[in-house]
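*Asks:* Submitted below is the structure of interest, expressed as structure tokens.
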Amino acid sequence: MNLEVQSQIDTKMERRKNLILLLLFLAGVVNYLDRSALSISAPFIQKDLALSSIEMGAIFSCFSIGYALFNIIGGIASDKYGAKKTLLVAMIVWSSFSGSIFFAVGFLSLIIIRILFGMAEGPLSTTTNKMINTWFPPNKRASTMGIASSGTPLGGAISGPIIGFICIKYGWRISFIIIMSIGFIWAIAWWKIAKEKTNNEYQDAESQEEVSKNVEIEQEKPINKIKTSFYLKQKTIIFTAVAFFSYNYILFFFLTWYPSYLIKERGLSIATMSIVNIVPWTLGFIGLAFGGILSDKLVKKFKNRHVLFSRKIIVVSCLFIAAVSIILAGVVKNTVGSISMLAIAVFFMYLTGAIYWGIVDDVVDSNNVGSVGGFMHAIGNCAGILGPLVTGFIVQYTGGFTTAFVLAGVIALIGSLGALRFIKPISKVDYENAPRVAIK
């Protein structure tokens, strides 16, 4: 291929990559606008529909019942039908269910809507990872996943003032209709712009070079693929999922109950809470965007060591710092100190956000990355079922949040120590002896 033609392909490829990355980033923004809307409007909803703290915790938690299940189904669907189609359907359906909260009349209706809403959102992370795995070279996947995923905390950051203003001015129900409309607009753009995957005639020089270097798994393209069950039995995958569980426990605790904590425990007004809520989410946005970049830089710095060494450094150290910070956030008496500690916890938690997916990409072949990523995501998001519900019981029966903060910190410590002990490369012998099935 002559240089001029290759240059044109590279330019076209780079433009397409950037557009896809932008849309994945915006999907994350919409995703957390949807999720945060319920948390921000929770004080209004709880009062209007006469809900207890336990009932509110159940409403927060039931989202993750459907979400965890469809992490796996979404991963399988992205492997079978493609990431573009899977994410398109997911966005349309979850936006519709988000809008249907407008019609909620009580506890049962909110439970049903939130389960269906969670099911529809389930495929987002696995399809995002699948799209990045297809379009971007191995040495940029963690940083790219970090950038794409950083849209989620940005959505959380802007949801406070936006949803808070709408709730105060027009009522909490209207906010869900507005967010539904934003999701539909994104779906149209995704359908028009995104492409399912690259092919041999549409691949830039960098990707060709990187693919040729990826000797661990991608070097050989066997007729038979490794069974997914092989990966699900590996301690590296299991304890990556455990670490992801601890990450998500902090995340869902913060996502669901933090606005109510600021109002009930710290005595802030709805308007003040909506502004204060921006701080930790903004730090989370920076952390998630920077975490993947930091990981890829460490991979280059420690190029003589296995890539998992660099991923592991970030997961272990950052989860540990997040654990200590969130415990302190719950026990300090000063409101500014508590908010500051929580913001630090969210920043370091989000530094690890892209790394779990990077670990999956590092040890799993491309035929299984969607399914294994879905498994990890499902296990991790079981924290979204337990965390908000357990917190609701703690608040109801202790009258405060201190125990809930300490519990979140202890779980993060367990994730950090598990990663330190068990995340390590899968041996070449294990890969060679892994059970295989024919590629269809």
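Placed from the backbone N, Cα and C atoms, the Cβ positions cover glycine too.
Here's the feature list from TrEMBL:
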type	residues	note
DOMAIN	20-427	domain 'Major facilitator superfamily (MFS) profile'
TRANSMEM	57-76	transmembrane segment
TRANSMEM	88-117	transmembrane segment
TRANSMEM	170-191	transmembrane segment
TRANSMEM	237-258	transmembrane segment
TRANSMEM	270-293	transmembrane segment
TRANSMEM	313-332	transmembrane segment
TRANSMEM	338-360	transmembrane segment
TRANSMEM	372-395	transmembrane segment
TRANSMEM	401-423	transmembrane segment
*Asks:* Could you tell me what the rest of the chain brings near the transmembrane segment (338-360), counting residues at least six beyond its ends with Cβ under 8 Å?
*Replies:* 125, 129, 141-143, 145-146, 149, 153, 236-237, 240, 243-244, 247, 250-251, 254, 258, 262, 266, 276, 279-281, 283-288, 290-292, 294-295, 308, 311, 314-315, 318-319, 321-323, 325-326, 328-330, 332, 369, 372-373, 376, 380, 412, 423
*Asks:* Verify whether three or more Cβ pairs under 8 angstroms connect the transmembrane segment (237-258) with the transmembrane segment (372-395), leaving out any pair fewer than 6 apart in sequence.
*Replies:* yes
*Asks:* The transmembrane segment (313-332) and the transmembrane segment (237-258): do they have three or more Cβ pairs under 8 Å, with pairs 6 or more apart in sequence?
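*Replies:* Answer yes, regions in contact.
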*Asks:* Restricting to the domain 'Major facilitator superfamily (MFS) profile' (20-427), report the mean pLDDT as a whole number.
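*Replies:* Mean pLDDT for the domain 'Major facilitator superfamily (MFS) profile' (20-427): 88.
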